[in-house]
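Peer 1: Shown below is the structure under consideration.
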Amino acid sequence: MFGKLSLEAIPYHEPIVMVTLAMIALGGIAVVGAITYFRKWTYLWSEWLTTVDHKKIGVMYIIVAMVMLLRGFADAIMMRTQLAAATGGSEGYLPPEHYDQIFTAHGVIMIIFMAMPFFTGLMNLAVPLQIGARDVAFPFLNSLSFYLLLAGVLLVNISLGVGEFAKTGWVAYPPLAGIQYSPGVGVDYYIWALQLSGLGTTLTGVNFLVTVMKMRAPGMKLMDMPIFTWTCTWANVLIVASFPILTAALALLTVDRYLDFHIFTNELGGNPMMYVNLFWAWGHPEVYILILPAFGVFSEVTSTFAGKRLFGHHSMIYASGAIAVLGFAVWLHHFFTMGAGASVNTFFGLATMLISIPTGVKLFNWLFTIYQGRLRFTAPIMWTLGFMITFSIGGMTGVLLAVPGADFVLHNSLFVIAHFHNVIIGGAVFGYIAGFAYWFPKAFGFTLNEKWGKAAFWFWISGFYVAFMPLYALGFMGMTRRLNHSDNPLWEPYLYVAVVGAVLILFGIACQLIQLYVSVRDRNQNLDVTGDPWGGRTLEWSTSSPPPFYNFAHMPEKVGLDAWHEAKEAGVAYKPAAKYEAIHMPSNTSTGLFMGLFLTVFGFAFIWHIWWLVGASLVATIAVFVRHAARDDQGYMVPAEEVARIEGERMKALAKAGALPAGARVESFERV
């Protein structure tokens, strides 16, 4: 009845795991207790769990990303301390099979369940506002996408206490990932977590491409869109083009494991290298899916805090497109050692080097934007400046690895690990944190504490260099990745230094948590009354903070480049409307939540071969969707009187803050 599932699946013999599970259980009880005590279940259900508001969905994505950052970093610091402890005659404190699960989970979590939802959250929060839209093209699909991601998150975390996770590394290469060498459920957890979350990501890509193409404000040309919107658009093009490849590769691995096919096996006609090609045909575009939106954040931040129009706006768009296109022509550089031959390696090596050209264009455009600007050293701009230095180093090491001869020496060494973290942490993570600080007041109505934000930055950037620069040296010294023990005394000092760096990053994360607490505590002293705390240039800053659920009382018209800045310069930033009209909005729905819940059960049942539950959960998922489709809900109308009331309250607050243009009267904002 329960397939392969039994009480033996719970790792009672692993004290670290059991203590972690106990802490998670206590934390969960505390959260449920707090929600019950403050009687917030109804509010949580109606305002968040069933919402289709892109802004709230964006916030939920970011919350998931931050929770998974803590989980992924816990894995990272365990790996670093294990490697420092397991030298010479010592075996460290993690058994090899546990360590293997940790480094696999770390990679999967940080890329799929931390970085991706962080980017998606910022995109949900800002893009519709930047293009003057009231919501995304398919609001229900947006909700479903989030709950598909959450299904993958749940499966990854369930594997901690029920069964095991994959021991293959985050790439899950066969034949190691095949049923012969990984007969447990770990690889199955990996497959279904990635399949469900990947489906959600694909739907998000389609949703936002349609949103940008069809729902821009009247008069907003494509070339006038903010750079963050453009980089997200290019990222969504990559998502739609690449994620189906991952879906297909994992589906083929699934039939290998479940139905004894021989697609990626070493015998009976199978070819493991086909999986490697398919994986990286998705995997390298995935790197640019992560980094392009961060480039967009840096563009917005640089322009805003330099007080200047972004230098080379059009060239930024073309450079982003070039990066996206070239990103599909470089995947083989991940396995130059495969034996494809000198001609193939040369082509992919040159293509990899070419990507540095449009990336360099971006870097110089940011520098020229800063040049002669009146730079304000807020936390977002500090993350941006830290990125420029750190990412440049990571990019140069990437160009080195693009040389096939050098790659033959450094392949699978810690040099590659250092390079990858150099560009992902120094690029994507720094960018997302900058974007979080930049758009936080827009989402919540008050600014983050600057002192703690800057402290977090200094701990993060110093910790990064202390943690990962030694790994470059260790790579040159011959230390390979995925070791759980070393016996070379020359490596030990570098491993100890790397632990110190990880601890510094831990302090940085602690500062961010303190920053959140202090900011919420002191929110009344840091309110964003105007909706434009930074002196922004794009449309999202024309709305209140947080924006009303309908975003714009009137759709912006004749929107050009830096539309909000131009409106402020012309003195028409808060021009009163002649009258307000009713607004059509989509209704909340619980369908996405229940589909995500049933698909989580579906994945869990497939992992443990509980076939009756597979069928039941699939039928339930289809039934919930059919019920939703049959309802044909057309949404609802927000009365003009309600719109006028909300806008009137905002204008009174603006008048009190002295932000209204000269001669404007509050009464003029309340016409219906």
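Numbering starts at 1 and runs along the chain as it is shown here.
Yeah, the Cβs are placed from backbone N, Cα and C, and that goes for glycine too.
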Peer 1: Does the record in Swiss-Prot have Lys55 and Glu642 facing the same side of the membrane?
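Peer 2: Going by Swiss-Prot, Lys55 and Glu642 are on opposing faces of the membrane.
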Peer 1: The Cu(2+) site in Swiss-Prot includes His333, His334. Which of His262, His284, His313 is also listed there?
Peer 2: His284
Peer 1: If we skip the immediate neighbours and take only residues 6+ beyond the ends of the topological domain 'Periplasmic' (478-493), which ones have a Cβ under 8 Å from one of its Cβ atoms?
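Peer 2: Long-range Cβ neighbours of the topological domain 'Periplasmic' (478-493): 82-84, 86-88, 91-92, 94, 96, 99-100, 103, 169, 412-414, 416-417.
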Peer 1: Are there at least 3 C-beta pairs under 8 angstroms linking the transmembrane segment (102-122) and the transmembrane segment (414-434), leaving out pairs fewer than 6 apart in sequence?
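Peer 2: Contact criterion met.
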Peer 1: For the recorded Cu(2+) site, enumerate neighbouring residues of the same chain (Cβ within 8 Å of the Cβ centroid of His284, His333, His334, site residues themselves excluded), in sequence order.
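Peer 2: Those within range, site residues removed, are Trp280, Gly283, Val330, Trp331, Leu332, Phe335, Phe348, Thr352.
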Peer 1: Measure from the CA atom of His421 (heme b binding site) to the CA atom of His284 (Cu(2+) binding site) and give the result in Å, rounded to a whole number.
Peer 2: 14
Peer 1: Need this for a regression test: binding-site residues Arg71, Asp75, His98, Tyr288, His411, filtered to those with Cα within 10 Å of His106 (heme b binding site). What's left?
Peer 2: Arg71, Asp75
Peer 1: Quick one: Cα separation, Asp75 (ubiquinone binding site) versus Tyr288 (Fe(II)-heme o binding site), in Å?
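Peer 2: Their Cα atoms are separated by 24 Å.
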Peer 1: Enter the number of other CB atoms within 10 angstroms of the CB of His98 (ubiquinone binding site).
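Peer 2: Step by step: centre on the Cβ of His98 (ubiquinone binding site), count other Cβ atoms within 10 Å, giving 19.
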